[in-house]
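K.L.:
The following block contains the structure, expressed as C-alpha cells.
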Amino acid sequence: MKQELIERFIRYAKVNTQSDPNSHTCPSTSGQWELARMLVEELKAIGMEDVTIDDNGYVMATLPANTDKNVPVIGFLAHMDTAPEFTGANVNPQLIDSYDGGDIVLNKEQGIILSPNDFPELAHYKGHTLITTDGTTLLGADDKAGIAEIMTAMNYLIQHPEIKHGKVRVAFTPDEEIGRGPHKFDVAKFGAQFAYTVDGGPLGELEYESFNAAEAKITIKGKNVHPGTAKGKMINSIKIAMEFEQQLPAHEAPEHTEGYEGFYHLLSFQGSVEETKLHYIIRDFDREQFEARKAKMKEIAASLAQKYGNDRITLEINDQYYNMREKIEPVRHIVDIAHEAMTNLGIEPKVKPIRGGTDGSQLSYMGLPTPNLFAGGENFHGRYEYISADNMVKAAEVIVEIIKLFEQKAS
C-alpha cells in the first residue's frame, strides 16, 4: 500500500493544478482538467463503477455494496486544485527514506533547508519516509494526498472482496482553494447520506467545526488636487482607508489569534489619493460574534461616510460559508465512527476546529454532512510542505476502517 500511495501521489503532484481566483470558468484552470481525466482513467482501471466527469470537472465514482445489510451510502471527497499563493508548476517531489531527524536540504543551489529548528514537528517523523519539495514549488499534498489515499483505499477494498461494505461514493472536486469547490457539486447525483473530506493535516486530525466566513470589500473615493494648491480641497482616500483599518481591534487579526478566536484579516490594500480599495475576510466560529463583526464593519463605514460624505465610501459584505458543526451535530455518529476507526488503528484522534474551511463547510449546508479527516501533510501552500508516506498509509487505512464500521453497525 505504501509504494502505491507514493507512486500515485507523485504522479498527481507533477500535474500543475493551481486554481485561479480571477478565472470565471469551472474548473478555473486547464491543469485541473488534466488531472481529472487522469483520475477517471485510474478509477476505471481499478474497477470502480459509474465513473463520470461532468462539464464542470467534477469526478465521481461508485464502489458497489457487497453486503446484504442496509448500510447508508457514504462518500469520500478530495480536491484537485492546489493553492494559488505559491507556484505549483514543475513540482519535483523528493523522496527521503528513513528520515534521520536532521536538516533536509531541499535546494542546495538556493540554500533552502527544511530544518527541525524552524519546524519542530519534524521530530515526530524520524524513521518515516518523507516526500518533500525541491524548494522551488509547493508540494500539493493539500489535497493530492487525499486523492491518493481515497484511490488506494478503494483499490484495497476491490482487491479484498472478503471485507464487507455498503455502497461507497467518491468525488474529486475542483477549485476548493478559491472557495468554489462545492458551487457546482451535484449532491443529489452523488447520492450519499454522509461524506468525509480527506483534506486535513497531520495524523489523527478529525474536524467537524469550521469558521463562519465572509469577505468585505470597501471602496473609498477621494479627490485629487495638485498638492501645491490642495488646502481645503484634497480628500486623500488612502488616509480614510487607514482610518478604517485603525478602527478595527488590532489584536483581532490572524497573527494574534488561535483556537476558537475569530479575526478580521486585511488581504489587500490598493490605493491612490483618488481611490483606495480594501479587501478583508471576516472569520468567527460563533454565529453571533460573526454577525457582530460584520456589524462592526458597517458601523465604521457609516461613521466615515458621515465624516467625509456618503458618496465616498461603499462597503460590500458577502457570506462565504458557515460553521458546519450546526449541520453535523444532528448526525454526530459520523464523527464518532471516524473517531472509533482511528482508535481501532492505534491512532489518537485530535478533534479540533478548522481555522479555515473545507468543501465540507459548504456541502454540509447543501444537505451532505461532511466532517474532515487527516490527509497527513505539513506546512501546506509553500516550499516547506512535506508529507509522511507512512501516515498516508494510515489515512488510507482509516478510510477502509470507517467503511467497515458502517457495515458492521448496520442491520
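Backbone N, Cα and C atoms are what each Cβ position is placed from, and that goes for glycine too.
Since we're looking at a predicted model, the values are computed, not measured.
Taken from Swiss-Prot, the feature Zn(2+) 1 binding site covers His79, Asp142, Asp199. Feature annotation from Swiss-Prot assigns active site to Asp81. Sequence annotations record features per position, and here Swiss-Prot assigns Zn(2+) 2 binding site to Asp142, Glu177, His381 based on sequence analysis. The feature active site, proton acceptor is assigned by Swiss-Prot to Glu176, with sequence analysis given as support.
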K.L.:
Give the three-state DSSP assignment (helix, strand or coil) for His79 (Zn(2+) 1 binding site).
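P.N.:
Once the DSSP labels are grouped into three classes, His79 (Zn(2+) 1 binding site) ends up as strand.
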K.L.:
Near His381 (Zn(2+) 2 binding site) in space, meaning Cα within 10 angstroms, which of the recorded positions do we find among His79, Asp81, Glu176, Asp199?
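P.N.:
If one measures from the Cα of His381 (Zn(2+) 2 binding site), no recorded positions come within 10 Å, so the answer is none.
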K.L.:
DSSP on His381 (Zn(2+) 2 binding site), three-state: which is it?
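P.N.:
For His381 (Zn(2+) 2 binding site) - judged by DSSP and reduced to three states - the answer is coil.
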K.L.:
Which residues, in sequence order, are found in the same chain with Cβ within 8 Å of the centroid defined by the Cβ atoms of His79, Asp142, Asp199 at the Zn(2+) 1 site, excluding those residues themselves?
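P.N.:
These residues sit around the Zn(2+) 1 site: Ala78, Asp143, Gly146, Glu176, Glu177, Thr197, Val198, Thr358, Asp359, Ala375.
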K.L.:
Please work out the number of neighbouring Cβ atoms within 10 Å of the Cβ of Glu177 (Zn(2+) 2 binding site), leaving out its own Cβ.
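P.N.:
A count of 25.
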K.L.:
For Asp81 (active site) and Asp142 (Zn(2+) 1 binding site), determine the Cα separation and express it in whole Å.
P.N.:
8
K.L.:
Do me a favour and check the Cα-Cα span between Asp199 (Zn(2+) 1 binding site) and Glu176 (active site, proton acceptor); whole Å is fine.
P.N.:
10
K.L.:
Around the recorded Zn(2+) 2 site, report the further residues of that chain (criterion: Cβ within 8 Å of the mean position of the Cβ atoms of Asp142, Glu177, His381; site residues excluded), sequence-ordered.
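P.N.:
Counting only non-site residues, the set is Thr82, Ala83, Glu85, Leu138, Asp143, Phe380.
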K.L.:
Express the distance between the Cα positions of Asp142 (Zn(2+) 1 binding site) and the residue listed as 'active site, proton acceptor' as a whole number of Å.
P.N.:
10
